[in-house]
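S.K.: I have a structure here, written as C-alpha cells, and I will follow up with some questions on it.
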Amino acid sequence: MSEESATSTHFESLRSILGGASAFISGQMFVKLTGFAINALLLRGLGPELYGVYSYAKSFIDVFSSITTFGSDIAVLRFLPAFESNPNRQNRVLGVASLASLFGGFLIAGGLFALAPLINKYTLHQPVFVDALQIFALLLPLDTLSKLIGSTFRGIELATYQVFVTKVLRPILRLTAVTIALLIGFSLLGTISVLVVASVAIFVIAGFVLIYRTSFRPAPPDSAAEAREFFEYSMPLMFSRAGTILYNRVDVFMVGFLLSSTAVGFYNIGFLVSSVVILPLTGLSQIFTPIASRLFEANNYEELDSIYSTITRWAFTVSLFAALFAIVYAREILALFGPSVVRGAPVLQLFAIGQLLNAAVGPSNDLLMMTDHERLSFVNNWVFGVVNVILDYVFIQKFGFVGAAFATASVLGLLNIARWFELQYLEGLSPYSRNYYKPLIAGTGSLASMYGATYLTGGISLLVVGGFVGVVVFGAILYALGIEQDDIEFISRIL
C-alpha cells in the first residue's frame, strides 16, 4: 500500500470513529440528562428511603444484564465485521447470539425472582424490595434482546441506528413512563411496573428497525462447529464481565449489605454523575472496536497503534476537563438533586478521578479482546474484582459509603494501568507521547480558573459561570501550546 493510500485509510478510519463517537456522545448526553431527570423525579417523588430501594433493585438488573447475553453482544462486534463478505454467515452468527441472549435473559430473571426474598433478608430488610426486584426481573429478557440489537448496529458501523434505539428511544420512553406514573400518584411498585411496559415498547420498536432497515435475518448455525467457535469467544467474555461486576459494581451491593437504602441512594447519584467523565472514551470506542478487529485480522499493527494513540489522546483531553469540573463543583452539581444529596460529593469526586484514569489508557480492554486476549481480560477482571471486594468491606466499615467509592475508584485506576502494561508487552501497543503535557498544562490552568470562580458566586450560577470560564481557559491554553499536526490535517480533510 502506498504512503498516500495508507494516510487516506488512516483518516477514513478516524472519520468513521469520530462520526460514530459524535452520534454516540450526542445520544449518550441525552441519556444522561434524561437519566438525571428520572432519578431527580424519583428521589423527590418517592423520598430518599424508597428511592434507595429503587436504586438497589435496579442495580441488580443493570449488573446482571451485562452477563445475560453470554457475551453475545460483544462477540457480534468481532464476527459481523469478520464475515462482512458472507451475509449468510452473519445471519447465523446473529441467530446464535439471539438464542443465547434469550436463554440467558430468562435464566437470570428467574434466578433473581426466586432469590429476591433471600437477598432482602441479608441486605436492606425492606419488604417492598422483594416485590420491586421481582417486577424489575421481568425486564431482563426484553432488555437483553434490545441490547443485542444495539450491538448489531454497532458491529456493522450503523451508529445512528444504535443511538436511536439505545440513546433516544429508550430514555424518552423511560422518562415518559416515570413522569406519568408519578403524576398519577403511583408509588414505587406502580412506577416500576410502568417501566416494564416501556421496555416492551422499546423491544418492539428496536426489532422493527432491525428487520426493516437491515438485511439481517437471524438463522440457526449450519453446524455445531460454528456454534462452538462463537461460544469459545463469547463465554470467556461473559465470565470476564462477571469479574467486572466485582471491580466495578459490587460496591453498591456492599453498601446495601453493610449500610442502608438511604446510603445506597446517595451513593448511586454520585456514581451516575461521575459516569459523564468517561463519555468521550465510550463514544470513541463504539466504532473503534470493529475497526480494531479488522486491522488486527489484517496484521496492520502500525495503523492500529496510530489510531489507538489518537483516540486515547482525544478521550483523555476531553475527560480531563469533565473530571476537573466534577471535582471542583461536586456539591453544586449534587445539590440539583436535593439538599440532602450533597452528602455524596466525595463519592462523585473519587469516581471522577477513577474514570479519568480509565480514559487515560484509552480503549485498552477492547483492544485486549480484539487481539485475542479475552482470557487475559477475564483474569484481570476477576483478580482486581476480588481485591475490590476485600477493600470495599474494609473501607466501608471505617469510612461508610465514601470508603466504597475510594476502594472502587482505586481498583479501577490500578486495573487500567495493568491493561496498559499488558498491551505494551504483548502487542507493542502504547498510546502515549510527549504531547500529553499539553492537556495537563491546560487542565492546571482550567482548574485554577474554576476554583477562583467559587469566590465570586455559588449554586447554579457557579456551574454556568465557572464552567464557561473553565472551558475557555482550557481551550485557549491548548490552542496556545499548539494543535497536533495530525489533528490539523484530519480537520482539513473533513471540512
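Glycine is treated like the rest: Cβ placed from N, Cα and C.
This is the feature table in TrEMBL:
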type     : residues : note
TRANSMEM : 21-43    : transmembrane segment
TRANSMEM : 63-81    : transmembrane segment
TRANSMEM : 93-116   : transmembrane segment
TRANSMEM : 171-189  : transmembrane segment
TRANSMEM : 195-212  : transmembrane segment
TRANSMEM : 252-279  : transmembrane segment
TRANSMEM : 311-329  : transmembrane segment
TRANSMEM : 341-362  : transmembrane segment
TRANSMEM : 382-415  : transmembrane segment
TRANSMEM : 460-483  : transmembrane segment
S.K.: For the transmembrane segment (252-279), which partner among 63-81, 171-189, 311-329, 341-362 gives the most CB pairs under 8 Å?
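M.R.: Most contacts with the transmembrane segment (252-279): 341-362.
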S.K.: Please report, as numbers and ranges, the same-chain residues at least 6 past the borders of the transmembrane segment (171-189) whose CB is under 8 Å from any CB of it.
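M.R.: 30-31, 34-35, 37-38, 41-42, 45-46, 50, 53-54, 128, 131-132, 135, 195, 197-198, 201-202.
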S.K.: Take a look at 63-81, 93-116, 382-415, 460-483 and tell me which one has the most Cβ pairs under 8 Å to the transmembrane segment (341-362).
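M.R.: Most Cβ pairs under 8 Å with the transmembrane segment (341-362) come from 382-415.
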S.K.: Tell me if the transmembrane segment (93-116) touches the transmembrane segment (460-483). I count contact as 3 or more CB pairs below 8 A, with pairs 6 or more residues apart.
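M.R.: No, since the transmembrane segment (460-483) and the transmembrane segment (93-116) share fewer than 3 Cβ pairs closer than 8 Å, they do not count as touching.
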S.K.: Would the transmembrane segment (93-116) count as touching the transmembrane segment (63-81), if touching means at least three Cβ pairs under 8 Å and pairs must be 6 or more apart in sequence?
M.R.: yes
